[in-house]
Amino acid sequence: WFSGDDVYMADENERQEYVLNENGIIFVGNAKYIEARGWYYGQFQDQLLNICLTMLDLSLYYRQDPAIDVSRRGDPKYVGRVISSMINGNDNDNGVLLGKWQGSFNSHENPSRWDGSVVILQKWRQDNYKPVQYGQCWVFAGVMCTVLRCLGIPTRLVSNFNSAHDVDRNLSIDKYYDSSGKSLNIGKDSTWDYHVWNESWFVRPDLGTSYNGWQVLDATPQEQSKGLFQCGPASVIAIKEGDVDLDYDTLFVYTEVNADCNRWIVYNDGTKKRVYCDTEIIGRFISTKAVGSNSRVDVTYNYKYPEGSSEERRVYKKALAKIFGSNITEGNTESRDERSSETIRNPGISGKFKLAEPPVFGEDITLILILNNLSFDHKTVKVDMSASTILYTRRAVAEILKATTSVDLGSKQGKHIQLTIPYSYYGKYLTTDKRIQVTALCEVMHMHGVKLLVEKTIILEDTNIIIKVPHRVVVNKAVTLEISYANPLPEPVNRCILLVTLMNQQVKIHLAQLGARERSKIYFEFTPRKTGPLQLQVDFSCDKFSHVKGFVTIAVAPA
């Protein structure tokens with residue numbers, strides 16, 4: 001609030017949102033299916049400030065030199081970097097969360113279980129400051145937002161769709177497939193359907209006033225920075241302008257929103273052939289919660305100029321020059337359009353997958369592969385199709401379908417190939433991410449191995465949790481909500497549990513068996529104790545699936 005502060009934010013509405021609001025929205029899903037998830041920050045709950053201050057005292061920075069660490073705690077860029085290293089437990093036995101993206105969670109918590117930060121931070125303290133198990137990117141970001149807001153640093157969550165993880169920092173994300181189109185888990189690069197990080201608002205006297213404003217901080221342990229799993233603060237303006245040599249970790253964040261996407265076929269003899277390059281797919285629909293509402297605001301323009309524009313090409317060449325330095329060659333600086341055609345021969349056909357109807361969890365999925373002959377020549381196309389369940393990081397879990405067919409395409413002709421994935425194929429292999437990736441590797445015969453790769457990621461839609469709220473809710477007066485939930489499967493489900501969370505209070509409700517495709521409802525009564533917005537979250541699990549989410553923001557009026 002003080003204009004001389006490093007974290008001063010002039011707009012009162014923004015201060016209310018980015019410092020004082022205890023409720024948040026996290027955007028997840030993928031670039032074609034963005035979903036909103038509720039999150040309770042609770043930065044002003046009892047003992048939270050003490051927990052946050054203890055976090056600073058347990059950091060490796062403090063242990064290394066307590067006097068210097070304490071003297072720098074008035075510097076938001078220092079505090080933000082320290083907190084980004086403390087939210088994860090990769091380097092520090094006293095970190096807040098351990099990350100886990102695959103395998104069984106056993107007796108620990110599935111990351112999808114969490115609906116807010118307070119219960120995590122309280123558990124961390126109760127367990128004598130040992131890492132809570134487990135978190136994934138949105139959990140790390142949600143907890144970090146709580147801590148930074150608690151310490152008075154304006155902070156928000158940002159979701160980047162088609163987020164690149166470029167391990168070797170060459171601005172290229174390389175993904176590999178076998179000769180039948182099956183995704184291979186080789187190579188360290190990856191593209192996540194979404195990745196969530198934080199932005200905090202403060203000045204950057206170390207860089208100059210032109211880099212003031214939003215700064216990226218990321219607590220998800222992806223890569224080490226100066227020996228620790230920490231990331232940022234990276235100036236959003238520096239990212240947009242390609243100033244990838246500036247502190248801290250600007251190059252890493254730049255690649256998350258700007259890398260090229262390359263696809264390679266790996267043949268049985270080990271040789272590789274590049275069959276696809278997309279220079280525009282990475283860094284889409286970068287999103288955050290609106291000030292004062294639950295709407296989504298697109299902030300992609302904060303991070304980069306429009307794809308294909310002269311400004312974007314200028315910044316890309318600038319970034320390449322800073323990365324490769326004096327070793328840069330003319331090949332490094334050619335336009336992205338030129339590089340996209342490098343080593344890739346045009347097979348003369350186009351293809352795309354289209355869903356015949358919305359994909360619903362528990363039902364068969366029907367896709368149409370649309371192939372078009374772009375030339376006047378007759379073509380015979382061999383099509384190898386593969387489907388796998390995947391995580392939101394796009395790592396394959398299990399191959400569930402494989403099919404091969406051949407299609408004759410006449411001059412300028414198009415044909416449709418139907419592919420059905422029955423529930424019985426995917427049901428037991430689906431994770432809580434509820435994602436399936438389908439690929440088609442299309443080889444034009446007699447063209448010496450020229451291939452077209454078509455792929456699509458499908459997010460299966462859950463049967464909605466429906467929360468009905470009375471028209472008027474008044475403080476200190478009991479209110480009854482109707483919560484309905486459903487079993488979308490063609491079989492009964494047992495061990496049904498509904499978790500209802502209001503602020504930091506959670507009620508676990510054990511429910512009766514649900515029959516196939518059955519919907520049921522309960523009535524939930526509570527008494528709000530303060531006015532203003534109140535977020536209520538619902539989580540439904542059973543023996544066949546878990547953590548179907550719903551939330552509602554309730555406006556509590558004064559008496």
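Just so you know, glycine gets a Cβ as well, placed from its N, Cα and C.
Copied over from TrEMBL:
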type: DOMAIN; residues: 129-221; note: domain 'Transglutaminase-like'
type: ACT_SITE; residues: Cys137; note: active site
type: ACT_SITE; residues: His195; note: active site
type: ACT_SITE; residues: Asp218; note: active site
type: BINDING; residues: Asn258, Asp260, Glu307, Glu312; note: Ca(2+) binding site
Recorded positions listed as Asp218, Asp260, Glu307, Glu312, least Cβ neighbours within 10 Å: Glu307
Spatial neighbour of Asn258 (Ca(2+) binding site) that is closest, considering only the active-site residues Cys137, His195, Asp218 and their CA atoms: His195
List of residues, in chain order, with Cβ under 8 A from that of His195 (active site) and at least 6 apart: Cys137, Ser159, Asn160, Ser163, His165, Thr220, Glu256
For Asn258 (Ca(2+) binding site), the three-state class that DSSP assigns: helix
For Glu307 (Ca(2+) binding site), the three-state class that DSSP assigns: coil
In three-state DSSP terms, the structure that Glu312 (Ca(2+) binding site) belongs to: helix
Cys137 (active site) in three-state DSSP notation: helix
Cβ neighbour count within 10 Å of Asn258 (Ca(2+) binding site): 26
Alpha-carbon distance [Asp218 (active site); Glu307 (Ca(2+) binding site)] in Å: 25
All-chain count of other Cβ atoms within 10 Å of Cys137 (active site): 27
DSSP residue counts for the domain 'Transglutaminase-like' (129-221), split into helix, strand and coil: 17 helix, 42 strand, 34 coil
Per-region confidence, the domain 'Transglutaminase-like' (129-221) (mean pLDDT, whole number): 95
